[in-house]
Every structure is written in C-alpha cells, then in structure tokens.
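In what follows, a single structure is set out as structure tokens and then discussed.
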Amino acid sequence: MEFKKDLRDFYNKNTDLNEKIYINVISISSFLTLATSIITLIEGSGLFSSLIVFISFIIMAVVGYLSFHLKKVKLGKLVYTYLFCCVLLPFIYLTCGGIDSGSPLYMLTSFFLIALLLEGIQGIVCLVVTLIVHIFVLWLPYFEMHSLFDTSILSKSARYFDNTIALIAAGIAIFCLTLMTLNAYRKEHEKNNQLVLELQKTSIMDELSGLYNRRHLYSVLFDLYANIEDNGNYYIAMYDLDNFKKINDTYGHLFGDKVLIDFSNKLRTSVNEEIGELASRYGGEEFMCLYRAKDFEQAYLKAESIRTSLENTKWKDAPNLIATVSIGLVACHKFNDMNSCLKGVDDLLYSAKTHGKNKIVYRK
C-alpha cells in the first residue's frame, strides 16, 4: 500500500501533461514487455528469446526511471521511443515467430507511442526510421535467413494462440494508453480552467477587503450606462471612513486593517449580486456600492443602515473608538455616462466630509 501511495504521489507531483503521458507509456509498455517475455516462454519459443525480452523490459524500465531521476525527460522520451520501436519490437518479431506470430500486431503500437511521446521533427524522423526498420525486419525472414533467425518455431496452435494473445495485449495497451492520456488531459484541462478562474477572480478582487476592485466596478458601470434603459433602478453610494488616518496612527495599521475588513463585510452583506448589486473597494478607505432599489428611499435606507451599523460597532481592541463613515448617494439615471456619475457622487461625498462627517449627502 505504501508503494502504491508513493507511485500515486510521484504521478501527481509531475504536473506537466507530457510527463504524465510518458509515465503512462512507461507503465503500459513495461507491462506489455514483461507479459511478452512470459508468453514466449509458455509458447516454447525458447529460453533465449524469453530472456532477451525480459532483459529488454529491464532496460526500458531503467531508461524510464533515469529520465526522471536525472531530470532528462525530453532525452529519455527520445531514447525510450527508439529503443521500443526500433530495437525491442523488431527483436520480438524476429525471435518469436515472425510473420506467422502476433508480433506484427505488437509493432503497430509503436506508431501510437511515437505520436504520444515525440513532437515536431523528432516525431517525423522517428516515424520514418521506424517504418524503414519495420519493413526491413518484416521482409528479412523471407530471404531464407534461417541461419540468423528461425521464424518457423511455432506450431499451428501456437500461432493462433500467439496472435490471440498479441491482439488482446496490443488492444489493451492502446486502450489503456488512450484512456489514461485522455484522463490526464481532462484533469489538466480542469486544473487550467480552475487556474484561469482564480486568475480572473484575482484580477477583479481587492485582496484585503475581499470586495471587487475599482477595475471591476468601472466595467460594471460601463455596461450599465451602455444599456441606458436598464439604469433607472440603480443607485451609487460612495463611502469614506472618517478620520481613518487618525485611527491608523492611534491604534496601528493592523487594527486599521481590521476596521477596513469589518466595514467591507458590512458592505458585502448589504448587496445582492444576483440582482446586479455589488460592493467594491474604490481605494484606501473609500468604498462604493451599486444598489438596485425600487425608489430612492429604499436605496437611502441601505446606505443609512451601513452608517448606523458602523457607528454602533464595539471594538474589542479599542473600546473607546466610535468609527463613522461619510456617504454620497446618487441615482444613476440622473447622469448620462459613468464619468459624470462618479464625479457627481464624489462631489456629494466631499460635501458630507466638509459638513460634519458621519452623514449621507444625496441627490435624488
């Protein structure tokens, strides 16, 4: 179980899709080679043939291991492919029955392996070399080369058995490689999609507050004013925490961050994104909320609830602190575009700040 866990951890550690495909190829081809060495021994093809195929299995496994151990995966894939396609498979063909055996079916797997492991000119060159080697090896016994290779060692029943086993082994190998490759691709695709979503979220979110940032606010407002018929029920409230610099200087910046986060949470709970509302951090201690309300009074009540909630908040680390916020509030349909709307609400906020703070100044 521990070995199985180590293999799984090693597989998952290799996040690159091509490396996972290479691991899949090593696993399946090693199993296929080991199975072939056992089958040749059962068929009576000779201890020598079985031993050579088994040695080939060891070599293939070692090449695969060294590829990752020495971190030479690209070179390892190239060596592995040529060994499997141009050495191992031709040797199996020549020593295990030739054209009368199931060896040609094994040889077909080489082209699938090339497509999986090699890219570009390397793949094309390997394909051409493999075709030349395979064609040469296929015809070699035809020219009565019995002194080198005896391809008539299988009985009639053994030939049928060998072809059946070869068909099953090659079919399972191709099926498993395809399935594992597609599964690895699917997981890679899902991981990339998740990463894209996280990056998209990061690009529109403010890290400290967890609210949307100014960029996303602008994007939403731009779309809102592009659809002029849909902005009649929208209102913008601009919030600015009063005397925030003094809070930072008196209680420290860490406590100041706590105030920002607490206020952000109040804003977040005041909006309903499903109906098009949003809360955003505009910059520093300034925030904006886009509200959707049936009338101005309803929008005003939302902003007022934020103001009173902050004013009544008790701070454990600063029992004597009464934090307040100044607010500007406008109806979006009173403005022709986003820029004039933002200037309008900013002017109202400035008026609130200069006329006593802790209040809402609005324009219906």
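Every residue gets a Cβ built from N, Cα and C, even glycine.
Under the heading domain 'GGDEF', TrEMBL lists 232-364.
Annotated transmembrane segment per TrEMBL: 21-42 (among others), in sequence order. Beyond the ends of the transmembrane segment (21-42), by six or more residues, the same chain brings 10-11, 14, 49-51, 53-54, 56-57, 60-61, 64, 67, 73, 76-77, 80, 84, 88, 92, 95-96, 106, 109, 113, 116-117, 162, 165, 169-170, 173, 176-177, 180-181, 184 to within a C-beta distance below 8 angstroms of the stretch.
Residues or ranges marked as transmembrane segment by TrEMBL: 48-66 (among others).
Same-chain neighbours of the transmembrane segment (78-95): 22, 25-26, 29, 33, 36, 40, 45-46, 48-49, 52-53, 56, 59-60, 63-64, 67, 101, 103-104, 106-107, 109-110, 113-114, 117-118, 122, 126, 129-130, 133-134, 137-138, 140-141, 148-149, 151, counting only residues six or more beyond its ends whose CB sits under 8 Å from a CB of the stretch. As annotated by TrEMBL, transmembrane segment applies to 78-95 (among others).
Below 8 angstroms of C-beta separation, residues 78, 81-82, 85-86, 89-90, 93-94, 98-99, 104, 107, 110-111, 114, 118, 149, 151 of the same chain, each at least six residues beyond the ends of the transmembrane segment (125-143), sit close to that stretch. TrEMBL lists 125-143 (among others) with the feature transmembrane segment.
The transmembrane segment feature in TrEMBL is assigned to 163-185 (among others).
For the domain 'GGDEF' (232-364), residue counts in helix, strand and coil come to 65 helix, 32 strand, 36 coil, using DSSP. Summarised as a single figure, the pLDDT of the domain 'GGDEF' (232-364) averages 95.
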